[in-house]
Amino acid sequence: MAESSSESDHFRCRDRLSPWAARSTHRGTRSLPTVEVTEKVNTITSTLQDTSRNLRQVDQMLGRYREYSNGQAGAIEHLKESLEQSIDQLRSQRLLRNSGGRSISVTSLSASDLDGGTGSELHHFPPTSPLKDYGDPQGIKRMRSRTGVRFVQETDDMTQLHGFHQSLRDLSSEQIRLGDDFNRELSRRSRSDAETKRALEELTEKLNEAQKQEVVSDRVERRLQELEREMRTERELVERRQDQLGLMSLQLQEALKKQEAKADEHEGAIKNKLRQTETEKNQLEQELELSRRLLNQSEGSRETLLHQVEELRTQLTKAEGDRKGLQHQVSQISKQQSNYQDEQGEDWRFRRGVEREKQDLEKQMSDLRVQLNFSAMASELEEVKRCMERKDKEKAHLASQVENLTRELENGEKQQLQMLDRLKEIQNHFDTCEAERKHADLQISELTRHAEDATKQAERYLSELQQSEALKEEAEKRREDLKLKAQESIRQWKLKHKKLERALEKQSETVDELTGKNNQILKEKDELKTQLYAALQQIENLRKELNDVLTKRALQEEELHSKEEKLRDIKSHQADLELEVKNSLDTIHRLESELKKQSKIQSQMKVEKAHLEEEIAELKKSQAQDKAKLLEMQESIKDLSAIRADLANKLAEEERAKKAVLKDLSDLTAQAKSRDEETATIITQLKLERDVHQRELKDLTSSLQSVKTKHEQNIQELMKHFKKEKSEAENHIRTLKAESLEEKNMAKIHRGQLEKLKSQCDRLTEELTQNENENKKLKLKYQCLKDQLEEREKHISIEEEHLRRMEEARLQLKDQLLCLETEQESILGVIGKEIDAACKTFSKDSVEKLKVFSSGPDIHYDPHRWLAESKTKLQWLCEELKERENREKNLRHQLMLCRQQLRNLTENKESELQCLFQQIERQEQLLDEIHREKRDLLEETQRKDEEMGSLQDRVIALETSTQVALDHLESVPEKLSLLEDFKDFRDSCSSSERTDGRYSKYRVRRNSLQHHQDDTKYRTKSFKGDRTFLEGSHTRGLDHSSSWQDHSRFLSSPRFSYVNSFTKRTVAPDSASNKEDATMNGTSSQPKKEEYGS
């Protein structure tokens, strides 16, 4: 644009030079003074040509600077787009995960759940979990009935934890995005303030020009001063941009340092975790070694018992061989009774010794059997008790951890929602401020138009005065003076221009350095993006592993239940076997009562009494252990009460923090009100100045009419008046300088306020870092839970192997007992027959001995007493079993109460979440209203652009009329020289003013177009996110539907119809916004074409 304006000026200068040269040659023949005048005019033209060339160079430099600024803006927009794309990707991943969690619950819902709910309750998707329906209370009640606390299947609780964790991450990402938007709005506000100040300065300068009808030299000097001011403002802008870029680079470096520190902390935490896991592994290995040693010891004891049983078997075989030999000897002795009576007595003694040995062996066998039975039963009972205790402890520990995690997540969500509310209020305040600023800009633009009209009228009157001055000879002297002044001013301007070129070169070097820094920052940002993607992939892998672990845990718990049922069956079968053993023992005792061996029975009863006493001692020990467990449970309840008190204290602290934040918001609102009052005062001042300028213009018109009637008298008066106005202008400049100082002070105050806002942003960033640390703690807890689950799996596998071994050993012992019982029955039958035969033989000869032998056992032993004692013992055991069952019932009742409390807590949490999501829906409605207001503002801007086009057409018509008037004046031969001189000066001034006006107009249009582009990009991205969300939800609904009927119901449900309506609504505003952008581009291109034509 700058190049086109310079080229048009070049062609105009060429057209002007050719008639000037012809006229100079024509006058050369007349007289020598005219030659001197022509030489002076030629020098002026050469200087003007130089100035035009310099102006072209300046225009080129400005064009390059604009291109560079456009490129820089494009790079910044590219960065914004990349950031927004990353945010959209994170949102899409979050939506996919949330939709995955929702699809699991969709299969469990019925058709009534999908059909329930009104449109107002279902048509709002909250940002954290958009696929959840928080408006249907019946569906919540149904989910409550399903999602009770179950220790068999705890996947529901874990999915809720995943949902909370994802919502935390989404809220943190939204906080970061809102912070970036807040910083953008601050920068935009500062730019708009600078532009308003610049416009006000231009207005004051133009109004001063309208007031003062100065000579062309003064006007040229003023124009040069304006150029210097503009260059200074551009320098200041460049310096500010450099400072901003430096601050941005410093902020990015600080952020990188923080991220590196966080990464180092994360690595240290991971190393600590690895060390803890290694120590835990070592402890587990030690425990396994101890368990192996105990198993080896138990196996060694079993092997010794088996060896003892085998030795007893060998002894029994030997005894059978001895018995057979004795039978043979008894048959021989029965034949030779008469001859061998002495030998018979010895044989009888020997038999008694053998029988005593047999009785001792049988006692040992019975003792060993009882020991084996009791050892097996005790070991199995102890193992079962240990397993149950461990499971109960683990379940209680997991429940406490889940409660702590849910509480922490709730606190974090509350804090983040509060932060979101604050940020939304701040955004609304900034939107109102921007609307007011736009209104003020429009008023300022109207004032500038009126001032331009006034300046044009003043120029017309000046042209008439110049025509009157051309009739007099004194004008030539003044012209020479003006030429000298113009030459001096042009020389000064050249020097200043050279200085400015040097400054621009320095600025270009600094800009190149800044571009290098920006490229480095972009590379670092790409690396950070790659790290983010890697972290997200790791999180997804961890989630998959957690789901696998949960499924494995559910399967293991089902296997444990099946194993418990098997153990119960085994216990019942064992009780049956014990009854059978008891029956067999009763038969044995009956046979022994028939054989009247009461001495043997007394010894057995003594041994059994000792064993029963040992069992009683063991039962007492178990009772003491149960009491200790009860005390531990009471202590755990006390700890839980202390934790609740701590949580109450934390809630009180959070409320205090909330009050402090509300105070800060009230301060911000007060500051905004003060700014609004300042803008109102400025607007009133501008209106007053406008009225004053209009009055002065009226006075000027009346004075110009009087000047036409009185030429020579009024010229002197005008000179005096001009001098007075110069003094007034100097005074006015001083007042303006004082006002500029005041404005600088106000700018310092605003900077202080901005620093306060930055400090608040830093506080918000610190809170975000705290939330990230909390997320890290949750990850640590998640890894600890994972390690505990792996340890449980190992422990369950070890228990399964131990149970299998015990079952094999029990079967082997059963087989051995059956063999021993059969052998015992056969041996006792043979012994009974032999004893009966011996008793018959001895009763023939010695009846008295038989009476003494039979009477002894009745005195020493009574079987009825033994039965009574055994019955009392059995009754006592039954009573103890009943007491233990009552204790178990009480503990189960307590567990049920705890579960009910947990259910109530979960229901309360769900109600709170519903309230929060309703608040979020209200805020979304407010955002929709704000978008509508923005569309109305865009329509108003379009109308104003059309008005600008009409005004430009009027300006072009005025320019054409002025050209026609100038052509008419050129027809007069005497006024040609004066008109050409003034025309050159006026064209140079007008060309510079046009370049300035075009630059300001194109800058305003560029800002408006960039604003529209940002809005359209944001809308398209929101539409894309909504479309991906809708596609994901639709596909998941199809995948997880139970049948084609459920699919048809889902499509006919109000939710799906709302989705379709939502997509239509999002497409319509985007198309409207595209049309608006097209109209804006068209309106902006029309004035450009008109300016090119001019």
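Here, residue 1 is simply the first one shown, and the rest follow in order.
Quick reminder: no glycine exception, Cβ is built from N, Cα and C everywhere.
Looking at the stretches 1-29, 30-58, 204-232, 552-580, the one that Swiss-Prot records under the feature region 'Disordered' is 1-29. The candidates are Ser105, Ser291, Ser826; Swiss-Prot tags Ser291 with the feature phosphoserine. Looking at Ser331, Ser622, Ser740, Ser1033, Swiss-Prot tags one of them with phosphoserine, and that residue is Ser331. When the residues Ser173, Ser445, Ser843, Ser1061 are compared with Swiss-Prot, the one annotated as phosphoserine is Ser1061. Swiss-Prot assigns the feature region 'Disordered' to residues 115-140, out of the candidate ranges 115-140, 505-530. Per-residue pLDDT, averaged over the coiled coil (879-959), rounds to 80.
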